[in-house]
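Data block below; observations after.
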Amino acid sequence: MELEELKNLWEGMSDKLQQQEQHTKKLLEEVTEHKYHSKLRTIKTSETLGAVICYLGALYLILNFQKIEPLAEQIFAIIAIVLLFSLPVISLRSLKAMQQMPVSSKTYLETLTNFRKSRVQFIKFQRLTVSLGLFLLVIAIPVLAAIKGIDLSETEHFWTLTFPIGIIAFLGFGFWVLRSYTKTLKATEQLLSEIKN
């Protein structure tokens, strides 16, 4: 009888230990998923703010389109409007793909592989965005000057001082944002890697 009681006690403890282990694993997955989405939320906030600014810029160009006289500047304005509407949409969609990736429903290796693919795609797109943003800056200058009725050739020190400083400031900001996103995404990948171990 003692042996039977010991056996039952042992099985009961084994079941409780297994339940505790499953509960701990589930809790760990929930914490990981929360941290994962929290890190991506910081990028989404920045991208959403950037999207709002882009949409306001496009709206400004649309509302003032009749003030733009030469055909070349009108073409630049149309290109700028298309870029201002399309870049945020593409950026937010690529970020949404990472956010909707299920962290706990797949194996850790699948999750990590999918995240790495999404991260590489997002970073490549952000690099393209910096390049297109620089192009947008260059074509928007004559458009905005036409809207304001300013002749850039008569503006003192514009091409020798203001324009180069604007380009340098834009590139500095663009690469700072890119580095910040890369750092956040690497930290997120590290979080997923730690859970695997």
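Glycine too: its Cβ is placed from the backbone N, Cα and C atoms.
TrEMBL annotations: computationally assigned, not manually curated.
Since we're looking at a predicted model, the values are computed, not measured.
According to TrEMBL, the feature transmembrane segment maps to 45-63, 75-95, 125-147, 159-178.
Listed by sequence, the residues of this chain that lie at least six past the ends of the transmembrane segment (45-63) yet keep a Cβ under 8 A from its Cβ atoms are 77, 80-81, 84-85, 87-89, 91-92, 95, 143, 147, 177.
With a cut-off of 8 Å between Cβ atoms, the residues of this chain six or more beyond the transmembrane segment (75-95) that come close are 40, 43-44, 47-48, 50-51, 54-55, 57-58, 61-62, 65, 68, 118, 121-122, 125-126, 129, 132-133, 135-136, 139-140, 142-143.
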